[in-house]
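Please read the structure below before turning to the comments.
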Amino acid sequence: MRYFTAGESHGPRLTAIIEGVPAGLSLSAEDINIELKRRQGGYGRGGRMKIESDQVEITSGVRHGKTIGSPITLNVTNRDFKNWEQIMAAQDVEDKIKKQRRLTKPRPGHADLVGGMKYEFEDLRNVLERSSARETTMRVAVGAVAKKLLHELEIEVANHVVNFGGREISSPEHLSVQEIRETAGRSDLSIFDESQAEDLRTYIDQIKKAGDTIGGIIETRVEGVPAGLGSYVQYDRKLDAKIAGAVVSINAFKGVEFGLGFEAGKRPGSQVMDEIIWSENKGYTRSSNQLGGFEGGMTNGEQLIVRGVMKPIPTLYKPLMSIDTESHEPYKASVERSDPTALPAAGVVMENVVATVVAQEICDKFNSDTINELKKALVDYKKRLSEY
C-alpha cells in the first residue's frame, strides 16, 4: 500500500492517490469527511478554517460503497481558489498579475528561503504553496482510509495532547484508545483532563494577543496490533523507524519518542525494560509498556505509544526579522494567515499518519487481494503466534 499527494495551498484542489487497498472494504466519502472535519477543529484555529469546509470526492477505486482493488483517487476542492485563480493559474499570465501576492520576504522557520534557493525561484510563493500545512489535508484523507481498514481488523487509533506550550497535561499511564476518545476526543483542546481546559484557553488567547505562537507534544496510541510487524533484519524494515520518519514528515514536527522515549536515557536498564510474562489465556505479554510496544524495530503485541513534538507555528503576527531576497535589505518577515496554535488539529494529522504506516505494514506483510483474505491471513497469523 502506497500513496502520493499533490496540490497547492491556494490551487484549485488537493489530490491523493492510494494504491494497494484490498478490494471489498466498505468506504464512503463520509468516512473521510469525518476525519477532515476533525482536522479543521480545535481551539485556536482561525481564518482559513472559516473559509474552507473540506469535503472529499472519490473519483476512482470505489464502486457502490466498496473498494475494487484499483488505485483510489481522492480530491478536495479549495473553496478559496476563486480568489486566487489568476495568481495560481497554470498558464502564463501578465507580469502585473505575477507580482500580486509575490513573496520575497522569507519567514524564519518556514521552507521559504531554502526552497527558493534550491529551486531557483524568484517568487517564494512557489515554495509556500506546497510546503504549507494545507497538504496535511490529504494525509488525513489517506489516513481515514487506513483507519477504516484497521477498524475491520480490530485495530484502533487515537491521540491526545500531553503538553501545551510547556504546560503538562495530566493523564494516567494506562490509557485505552476508548478512554482517549471519550475524553480528549470531545475536547476542543484534545486533552484528557478537562479541568485544565479553561486555563489553557486563557493562555492561548494571551499568546494570540501577543502575536506569538506555541507548540507542544502529542501522543498517539494504537491498540490491537499483533506482535511481529516490522523486522530487525534491515534498518529500513523497522516499523518504529518508519513511524518516526512519517511523524517528522508532518509540517512543524521536530521529534518523536516511543514509550518512555528520551526519559529512558536517564534511567538504569532495570527501570526501562519490560519484563516478559506468559499465561495460557494471553500467551506472551509484558509486565509494563515502557518501550511503547516496540522491541528490535518490531511490535511486541502491546499498545503502541508514540509521541511527536510540534514546534510553534513559524508564521507570527509580530514577525521576526528576515532579508528580502531581491534587495538583500533587512525586513520584517511576511505574514500569511496563522493561528496561535494548531496542536489539536496536528494531533488528528499525526493520528492518521501513524494509522497509515500501520495499515501499510499490515498490507505489505499479508499481501491480500481482498479484505476477507486479509482478515483470514491475520487470524491465521495470530493463531500461529498463540501456539509459540
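Yeah, the Cβs are placed from backbone N, Cα and C, and that goes for glycine too.
Within the same chain, the residues at least 6 positions away from Arg39 (NADP(+) binding site) whose Cβ sits under 8 Å from its Cβ are Asp54, Thr136, Thr137, Val140, Ala345, Val348, Val349, listed in sequence order. Residues or ranges marked as NADP(+) binding site in Swiss-Prot (evidence: sequence analysis): Arg39, Arg45.
Taking a C-beta cut-off of under 8 Å and a sequence gap of six or more, Ile313 (FMN binding site) has these contacts in its own chain: Thr213, Gly215, Ala252, Ser338, Asp339, Pro340, Thr341, Ala342. Following the DSSP three-state reduction, the secondary structure of Ile313 (FMN binding site) is coil. Marked as FMN binding site by Swiss-Prot: Arg130, Ser131, Ser132, Asn251, Ala252, Gly296, Lys311, Pro312, Ile313, Pro314, Thr315, Arg337.
For the pair Arg130 (FMN binding site) and Arg45 (NADP(+) binding site), the Cα-Cα distance reads 20 Å.
Secondary structure from DSSP puts Arg45 (NADP(+) binding site) in coil. Neighbour counts were taken as the number of other C-beta atoms within 10 angstroms of each residue's C-beta; across the binding-site residues Arg45, Lys311, the minimum falls on Lys311. The two recorded residues, Arg45 (NADP(+) binding site) and Ser132 (FMN binding site), have Cα atoms 15 Å apart.
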